[in-house]
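Contents: one structure, followed by commentary.
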Amino acid sequence: MILNIYKPKNWTSFDVVAKARGVLKVKKAGHAGTLDPLAEGVLIVLTNDDTKKQAKFMEMEKEYVAEIALGAVSPTYDLEMLPALTATPESEKIFKEIEKVLPIFIGDIEQIIPSYSAKKIKGKAMYKLARQGKEIPEQRKNVTISSIDVLEEKIRDLDTDRGVKALPCVKLKIKCSSGTFVRSLAHELGEKLGTGGVLVSLVRSAVGSYKVENSVKIEDLVSQQSA
């Protein structure tokens with residue numbers, strides 16, 4: 001079975017797979033591409049014999065809708081750790097600069113891997129090393145970003161206890177290869193603009209032809225199986 005499930009925010013990808021396995025009462029289940037806990041959207045869940053198709057789905061192009069705040073940074077490049085204010089950029093000026101800078105990130109690019117990620121160094125996950133305060137050499141990877149479209153530009157308050165307020169934010173639609181870190185794009189966009197950047201929200205809107213509008217919510221999957 002191939003399922004297009006909407007992963008809720010604050011669930012891990014494993015949480016979704018475990019729930020689906022229990023609801024569907026299947027022996028084997030897995031997913032085809034991790035989403036960070038703070039991200040939401042399309043998670044392809046494969047069961048039984050369809051778990052053999054994982055590699056096929058992993059290689060499919062991904063589409064994301066990302067909101068990035070400019071003028072703040074975070075060690076995780078998102079809101080998992082509270083961001084620190086770095087600048088108060090003039091919104092009108094920075095929105096014009098975004099249009100000029102974005103083309104740099106389109107095509108085959110080399111991307112920084114966040115220190116707080118599951119990427120392993122000598123068998124140990126980078127996020128575990130980072131939490132232990134270990135020094136981590138910068139890691140990079142090659143990815144492909146086929147398009148970036150600006151959907152919205154606005155001023156918004158970040159929902160954090162630190163009170164980081166009134167920052168210019170840009171909402172982007174990104175089509176990219178498997179394994180692309182949108183958090184890194186947010187961080188590197190902020191670096192190019194000289195303001196700092198942090199990922200505020202992330203929705204995976206498509207995996208290949210599997211679209212978010214056709215995804216099934218966990219609660220609906222539960223009710224369908226119990227009906």
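In case you wondered, yes, glycine gets a Cβ from its N, Cα and C as well.
Nobody curates TrEMBL annotations by hand; they come from automatic prediction.
Taken from TrEMBL, the feature domain 'Pseudouridine synthase II N-terminal' covers 21-182.
Residues or ranges marked as active site, nucleophile in TrEMBL: Asp36. In the three-state DSSP assignment, the secondary structure recorded for Asp36 (active site, nucleophile) is coil. Asp36 (active site, nucleophile) is surrounded by 23 other CB atoms, counting those within 10 A of its CB over all protein chains shown.
Under the heading domain 'tRNA pseudouridylate synthase B C-terminal', TrEMBL lists 183-223. Counting residues 6+ beyond its ends, the domain 'tRNA pseudouridylate synthase B C-terminal' (183-223) has Cβ neighbours under 8 Å at 3-8, 11, 16, 19-20, 23-24, 32-33, 35-36, 38-44, 57, 60-74, 76-79, 83, 86-87, 89, 94, 97-98, 101-102, 104-105, 111-114, 145, 156, 158, 169, 173-174 in the same chain.
For the domain 'Pseudouridine synthase II N-terminal' (21-182), the predicted model reports an average pLDDT of 89.
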